[in-house]
Amino acid sequence: MQDRFLKSIAKLPEPLATAIVPLLDKDFAGHIDAQQLEVLQIASKMELNELLLALLPIAAALARPPISEFHVGAIAKGKSGDIYMGANIELPGEALFHSVHAEQSAISHAWLSGESIIEDIIVNASPCGHCRQFINELVDGSKVKIHLPAQKIEPLAHYLPYAFGPSDLNITEPLLTKQQHTLTLDSNDPMIIEALDHAGLSYAPYTKNYASVVLETKDGATYCGRYAENAAFNPSMQPMQMALSTMARHNRDFSEINRAVLIESSKGVISLVGAAMDALHSVAVVELEHIVVEPE
């Protein structure tokens, strides 16, 4: 079991703790599939909703909050029945808008894993306005069920009435809808090819700046992030932050980064290079490779 989960395990009921320990091996990064979840439910003798709330301390152990020192965990449950954990990330010395909220982390985890619908968000405190707006960008976002300790399960619309969202800007394919943007570049570099693939899957209906980041560690492992825009603009999730969140979930230290690539579309009305460089340089001493590509 990874050391980062030791304190969290102590907070779980003993039957659940015993059942989940085998999952928390060196490769665990916050994903529990539907079959594993069923095993945990049987072992713990908990109702599903009770179990999901009980697992929040495990999600919170994924957090890296050097500024607030406040660990927040969130879980996104997909239509597949799988659950995806996420946690808050803060970048040392950088402005607070560089932070990743736990709900963003969990949702991006589900998105990168191929989920097309998120049905439930489980979190240990009421989602902030920023996160409510981010959830609202999803397919059927207003219907996503919000689970909070000691509170009735309510749809997002309960927490965000009279919402402004993608439909108000005539967007008919919101976040989690499969994106297919063709970006071409003649390269045989596996890392650049990976970044191109993820940029083509990014969500940028408002600026058309389809973009992604791929980070490589010294052992050759890669961690990706896609740009995820929001109708309210500010809650948009930057690809660098998503990639760093992915690294954190996999228990990698940011000092292990030895290469970083940002790919973005030449047709976008903005550029993410400045924000990406600021975020990267707060955690690693490595130059950002910035590649602008033509969309087909």
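Placed from the backbone N, Cα and C atoms, the Cβ positions cover glycine too.
Annotated in Swiss-Prot:
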{"type": "ACT_SITE", "residues": "Glu103", "note": "active site, proton donor"}
{"type": "BINDING", "residues": "Asn88, Ile89, Glu90", "note": "substrate binding site"}
{"type": "BINDING", "residues": "His101, Cys128, Cys131", "note": "Zn(2+) binding site"}
{"type": "DOMAIN", "residues": "47-167", "note": "domain 'CMP/dCMP-type deaminase 1'"}
{"type": "DOMAIN", "residues": "186-296", "note": "domain 'CMP/dCMP-type deaminase 2'"}
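Swiss-Prot feature annotations superimposed on the structure.
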residue	record	contacts (Cβ under 8 Å, 6+ apart)
Asn88	substrate binding site	Ala63, Arg64, Pro65, Ser68, Phe70, His71, Val72, Ser99, Val100, His101, Ala102, Ser105
Ile89	substrate binding site	Ala63, Arg64, Pro65, Ser99, Val100, Ser105, Gln241, Leu244, Ser245, Ala248
Glu90	substrate binding site	Arg64, Pro65, Pro66, Ile67, Ser68, Leu96, His98, Ser99, Val100
Glu103	active site, proton donor	Ala74, Ala76, Gly86, Ile121, Val123, Pro127, Cys131, Phe134, Ile135
Cys128	Zn(2+) binding site	His101
- Item | Helix, strand or coil at Ile89 (substrate binding site) [DSSP, three-state] | strand
- Item | Other CB atoms within 10 A, centred on Cys131 (Zn(2+) binding site) | 25
- Item | Local confidence of the prediction over the domain 'CMP/dCMP-type deaminase 1' (47-167), expressed as mean pLDDT | 97
